[in-house]
Structures are given as structure tokens and as C-alpha cells.
Amino acid sequence: MIAKTTNLNLFYGKKQALFDINMQIEQNKITALIGASGCGKSTFLRCFNRMNDKIAKIDGLVEIEGKDVKNQDVVALRKNVGMVFQQPNVFVKSIYENISYAPKLHGMIKNKDEEEALVVDCLQKVGLFEEVKDKLKQNALALSGGQQQRLCIARALAIKPKLLLLDEPTSALDPISSGVIEELLKELSHNLSMIMVTHNMQQGKRVADYTAFFHLGELIEFGESKEFFENPKQEKTKAYLSGAFG
């Protein structure tokens, strides 16, 4: 287990958005969060790196490796908890600098050789190096959408996170680019724990080891993906998976 929540409640003003969420996130596995828009998936995801702190009141416990996130320095926390967003958000810098910027900021690089090796390694991990090796000094905005999203994943990997959060990482991409990202995530999960929000149930079924279904801020069902999709226990889950609501 890499992380867990215990009796997690979250309020936007007087409106409660999450209700007593208890969940364990397993080490080196992909956990998918599914449910209709506004059900609390992304809100829950952002509790792990404290992105809700300024806009919400949070009760309960969120732990990563047994440590309460609210007692951690937020910069140190976000080094250990990477995030990839729905829209690719590359820095307006070169491809090379997109990878090297954060490790240098965190003092992780001792010399130029280390820096270059890290950039190559991260780009290779996301299958991008061969595509960009001759244009590392080019502005990252010149890449295609799918390439930009892989660069964002490589950038997140550069600071060696223990947990990677993905908020609908393929929803803005074409089917071919989405497939490339899905295969990449499955490969990365051998050495990295991930939580992924997705509106694509088939994607969750293809990629995730565990799946959680949220409805109106409540965790309705959570379990291993094969059992979750083939033999759901809760009536609301059955209805959602069959398209009866959501």
C-alpha cells in the first residue's frame, strides 16, 4: 500500500463534496476513478497533493507511506506526488528544459552529464526520445498533442515521484495517441503507483488494476478491476456500468 484515505470528507463552503471516503491505494498498481461529471473524482484525486487546500475544508486523513499529507511541506509533498492534467501543459521552454527544470530546482542534479542522462532516460521511458532526439532544443509547443502529453508524463517522472496522479490524461487526445498513453501507463506501473480519473469506462477496464466508482461524492464500490467490471456488487454500480444513469 502506498496511500490511503480514512473518513475523508470535503466541503466547498456549506456544500459537502466528499462523504467519508475510505480507500487504500496499492503499491505499483493503477487505480482508476470513474463516475459521472461532478461526482467527486477529481476532488478526491487532488486531496493527495493538497491542491484543494485553498478552496475547501477537509476533514479526515490522507496518508502517503503512512504520513499525513497535511503535516508535510507542500513543496516536498508535490515532489513525491506528481500530476498530469487533462490538457497537455508543457512549459514554454525547450523539450530538454521541460525535463531538466524541476530536478534542477530541487537540487537533484550535480552536473551536466547527470542532467543529460536524466533527460534521455525520462524521454526513453515514455517512448519519446527517438522522436525528438534531434530537436531537444526546440520549443515543446511544437510537438503534437500526444507527444506533449507524453512529455508531461516524462516531466513528472523526472523528479522520481512515489505516486502519480492523472486527471483524464487522454480525454483531449485522438484514439491512437490515447492508446500509446495507455500502454505507457501499464508499463510504468511496474515501478510506479498511479491514480487515474477517467470518464472512459473501457479505458479503466483496459488499464487499471483497481477501480473505484463515485456517485454524488460517495464511494459506491471499489475493488479489483476484473471483478468490478464483470461482477459488480452494488446496484448503483450495475446501473452506471449498463448506462442506466451517469
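Every residue gets a Cβ built from N, Cα and C, even glycine.
These come from Swiss-Prot:
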- 3-241: domain 'ABC transporter' (DOMAIN)
- Gly35, Ala36, Ser37, Gly38, Cys39, Gly40, Lys41, Ser42: ATP binding site (BINDING)
- Task: Determine the minimum-neighbour residue: among Ser37, Ser42, listed as binding-site residues, which Cβ has the fewest other Cβ atoms within 10 angstroms?
- Result: Ser37
- Message: Rank the binding-site residues Gly35, Gly38, Gly40 by how many other Cβ atoms lie within 10 Å of each Cβ and give me the one with the fewest.
- Response: Gly38
- Task: Any same-chain residues 6+ apart from Cys39 (ATP binding site) with CB under 8 Å of its CB? Would you list them in sequence order, or say none?
- Result: Phe214, His215, Leu216, Gly217
- Note on the structure: Should one count Cβ atoms within 10 Å of each candidate's Cβ, the binding-site residues Ala36, Lys41 would be headed by Lys41
